[in-house]
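Visitor: Got a structure here, written out as structure tokens. Questions coming.
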């Protein structure tokens with residue numbers, strides 16, 4: 001059977017798995033709340049998530065694609081909640097200034113996109129093309145956001161600071177939406193997800209090369225959870 005015959009199945013599975021991926025942020029937020037601060041956790045994945053889901057939601061509404069619209073509406077809601085949680089527990093001045101700048105830039109860009117979509121005089125196809133390009137950028141940023149910790153991974157030879165659930169979910173989701181992009185013959189859906197599939201696959205490979213390292217107590221012999 002042709003891949004087209006599996007369109008509805010792949011769309012449904014991609015939607016479910018993507019929402020599960022978005023829920024993986026709960027684990028990161030739980031860690032932040034438990035330790036009472038953001039610590040060395042970067043807020044960029046949440047900021048990138050807000051940008052990515054908001055632009056994809058706009059694009060999917062332009063395409064009248066129900067699966068993509070539902071997925072990104074749920075994703076945007078969750079990413080905003082995660083970002084608010086991060087801001088609430090971001091008590092160090094350095095990370096707070098960084099995430100504040102990121103939020104400001106993201107807000108301005110998203111506002112400009114919405115202004116262009118709803119108030120510009122360009123033809124609908126032109127708008128779709130340009131917003132599609134923005135979606136590509138947003139997807140690559142979201143998938144590559146854990147890479148900001150790569151220098152620390154190579155320095156410590158440990159992947160302890162990388163969010164494994166998020167990366168693994170991104171690997172699955174990117175692969176599914178890549179197939180969906182092939183089915184609907186949309187390059188803006190297909191190629192960024194192919195890149196995301198490759199980037200997340202590389203990050204998963206790092207967990208094999210540099211496994212998590214946890215300090216071991218000399219008294220009890222049990223791992224010390226940080």
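Placed from the backbone N, Cα and C atoms, the Cβ positions cover glycine too.
Caution: TrEMBL annotation is automatic and unverified by curators.
What TrEMBL records for this protein is below:
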TRANSMEM  6-29  transmembrane segment
TRANSMEM  41-64  transmembrane segment
TRANSMEM  70-91  transmembrane segment
TRANSMEM  103-119  transmembrane segment
TRANSMEM  131-154  transmembrane segment
TRANSMEM  166-185  transmembrane segment
TRANSMEM  191-210  transmembrane segment
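Are these features on the surface or tucked inside, and what are their neighbours?
Guide: Among residues of the same chain six or more beyond the transmembrane segment (70-91), those with a C-beta under 8 A of the stretch's C-beta atoms are 14-15, 18-19, 22-23, 25, 28-29, 32-33, 36-38, 41, 43, 46-47, 49-50, 53-54, 56-57, 60, 99, 103.
Under 8 Å from some Cβ of the transmembrane segment (103-119) lie the Cβ atoms of residues 47, 50-51, 54-55, 58, 62, 83, 87, 127, 130-131, 134, all in the same chain and six or more residues away from its ends.
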